[in-house]
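According to Swiss-Prot:
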DOMAIN    1-86  domain 'Core-binding (CB)'
DOMAIN    107-294  domain 'Tyr recombinase'
ACT_SITE  ARG151  active site
ACT_SITE  LYS175  active site
ACT_SITE  HIS246  active site
ACT_SITE  ARG249  active site
ACT_SITE  HIS272  active site
ACT_SITE  TYR281  active site, O-(3'-phospho-DNA)-tyrosine intermediate
Amino acid sequence: MESVLDAFDQYLALERGRSDHTRRAYLGDLRSLFAFVDERTPGADLGSLTLPVLRAWLSAQAAAGTARTTLARRTSAVKTFTAWAVRRGLMASDPATRLQMPKARRTLPAVLRQDQARDALDAANSGAQQGDPLALRDRLIVEMLYATGIRVSELCGLDIDDVDTSRRLLRVLGKGDKQRTVPFGEPAEQALRAWLTSGRPALATAESGPALLLGARGRRLDPRQARTVVHETVGAVAGAPDIGPHGLRHSAATHLLEGGADLRIVQELLGHSTLATTQLYTHVTVARLRAVHDQAHPRA
């Protein structure tokens, strides 16, 4: 089965443009399914993936307390895989065409109030005053995530050339390799300049490459490290909810909307193909993004 999964992984990467995170999740889901099938019928092949078997696997997952969002993703993984396998001639028919995807409840993570966000950013700024390279980096992580609302994976994937400091713009590569331009404000610019001038040069090694953000050993920053930075920074604010980068992203979106930003503009800034249950997707110019961001974001 591993050779089949390798081929499927290549399909997800090259033809579907799925992220590394999504591909790892899908392959893990399929390995779970194959283990379930093998336990029931040792040595079974792809022909053993019938609709009743798929339903039994999902039922077992649900009974074990698997979250609805995870069940929805696993259903999607199976449906994508079986459709691909039929096209490749690996299966005679697609058993997942009638497999129902459990509806995932939409639950928004906790968000910061504007005063809590300000306190968190002030704390990060205070910690960076001594010029410690890691403190300068941590300040930039928190400041840029809140200023732009981008995903932590997008932030850690940025190269130096993706940043236009003079125009305060980021070129972000989002899900499905979709590129978008996101503005940021003056506080984020100050944090960025301090990092590029004093922080990054102190950590850079031959392995750094073009990466904007670096870990302590000079390699591209891992998103897990960035999550730790956000948790620790926000956790120091009295009364603030325990949030990570995703919560900071939702905080940025919430504060933009509170400031009067149009929902479709926020959708473009966040890189969503849909926002909530809507099907709207509106392309806006960089100038419009800049104007709305300056008017609506509390730290523009």
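For all residues, glycine too, the Cβ spot is worked out from N, Cα and C.
Sequence features annotated in Swiss-Prot and their locations in the structure.
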residue: ARG151; record: active site; Cβ neighbours (10 Å): 21
residue: LYS175; record: active site; Cβ neighbours (10 Å): 16
residue: HIS246; record: active site; Cβ neighbours (10 Å): 14
residue: ARG249; record: active site; Cβ neighbours (10 Å): 23
residue: HIS272; record: active site; Cβ neighbours (10 Å): 17
ARG249 (active site) as reference: those active-site residues from ARG151, LYS175, HIS272 with C-alpha within 10 Å of it: ARG151
DSSP three-state assignment (helix, strand or coil) for ARG151 (active site): coil
Nearest-integer angstrom distance between the alpha carbons (Cα) of LYS175 (active site) and HIS272 (active site): 9
Across the domain 'Core-binding (CB)' (1-86), average pLDDT on the 0 to 100 scale: 90
Secondary structure content, the domain 'Core-binding (CB)' (1-86) (per DSSP, counts of residues): 69 helix, 0 strand, 17 coil
DSSP three-state assignment for ARG249 (active site): helix
Cα-Cα distance linking HIS246 (active site) and HIS272 (active site), given in Å to the nearest integer: 14
Pairwise CA distance, HIS246 (active site) versus ARG151 (active site), rounded so that it is a whole Å: 7
